[in-house]
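Q: Below is the structure I would like to discuss, written out as structure tokens.
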């Protein structure tokens, strides 16, 4: 018997797998740029915890340094770089993997049989792809990920509100687009309805991107190539997370769905 | 007049037109709702602790949680500091 429990349990399992692989990806391609940015940051300041940006903002920093915006100094660090780049990174990726996997599982359970896909793998791939687009890719286009030493400590409140506001709006817009596509598909057919709904989502998010505040806090001295490698690594990490969760969930759902269909065919005969 | 046939959503197929690939079962929303609500809230809470705790807002004082998940927060694209 298929219930929402089937989907939640397998979603969590798929998320765990995704979390493990995402840790590997983040460690291999992400830690290089993160550590390089932390090193820049450490050289850039004589202060410690969240040094006031008003004092020597850039101009007064020692040669080779950028700016200090958080605590990395070896003498008073709370968590060592060695822990941050291994156990800390693993904690973050596993918890986010579980959460994303569980949410994709729940979404797949609700979408099951209600969208145009005919297979468990198609439905979970669709849900993960929409989740990636709505919660990672589109927010990334407006507010790209920033490495350590980019971002002023005193604007964290406004930046956090803008980021999550944009992300929340994007998720709501995708949910609305799916509902609209389902309603339109009866008259227009699946493809046309999906294209129309996708266009509607794009218009909403382009208008929102114009209206939401601009964040531009990359210091002039920050190396452009390091920013690029950090951001491409971040995009890859997020794609890995959602992609593996969606693929693993589809594989994990094959057996219970096949059993369910076989039992239904058996009872109908 | 020839109309181009679009494939209708699985739920709109009449029972007699079951294709080679059988239609997927549909879960009753009423049964799923408490699971969606409870698990959804818990999972979003877990996301909050990795993505935003001790940044703009804090449940616990200090910076321990923030520093521990620091690298993941940066690489997953969340505003960190």
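Placed from the backbone N, Cα and C atoms, the Cβ positions cover glycine too.
Because TrEMBL annotations are produced automatically, they should be read as predictions rather than curated entries.
As annotated in TrEMBL:
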type     : residues  : note
TRANSMEM : A:7-29    : transmembrane segment
TRANSMEM : A:87-112  : transmembrane segment
TRANSMEM : A:124-141 : transmembrane segment
TRANSMEM : A:161-181 : transmembrane segment
TRANSMEM : A:193-212 : transmembrane segment
TRANSMEM : A:232-253 : transmembrane segment
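Describe the structural context of these features.
A: Long-range contacts of the transmembrane segment (A:87-112) within its own chain (CB-CB distance under 8 A, at least 6 residues past either end) are made by residues 2, 4, 6-20, 22-23, 26-27, 30-31, 79, 120, 123-124, 126-128, 130-131, 178, 237, 241-242, 245-246, 248-249, 253.
Outside the transmembrane segment (A:124-141) by six or more residues, the chain places 14, 100, 103-104, 107-108, 111, 115, 117, 163, 166-167, 170-171, 173-174, 178, 205, 209, 234-235, 238-239, 241-243, 245-247, 249-250, 253 with a CB less than 8 A from a CB of the stretch.
Here the transmembrane segment (A:161-181) has long-range neighbours at 111, 115, 130, 133-135, 138-139, 142-143, 190, 193-194, 196-198, 200-201, 204-205, 208-209, 212-213, 215, meaning same-chain residues at least 6 beyond its ends whose C-beta is under 8 angstroms from one of its own.
Long-range Cβ contacts of the transmembrane segment (A:232-253) within its own chain (Cβ-Cβ under 8 Å, at least 6 residues beyond either end) map to 6-7, 10-11, 13-15, 17-19, 21-22, 25-26, 29-30, 32-33, 93, 96-97, 100-101, 104-105, 108, 119-125, 127-129, 131-132, 136-137, 140, 144-145.
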Q: Near the transmembrane segment (A:7-29), which same-chain residues lie under 8 Å Cβ to Cβ, leaving out any that are not at least 6 residues past its ends?
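A: For the transmembrane segment (A:7-29), the nonlocal Cβ contacts are 85-86, 89-90, 93-106, 108-109, 112, 124, 233, 236-237, 240-246, 248-249, 252-253, 256.
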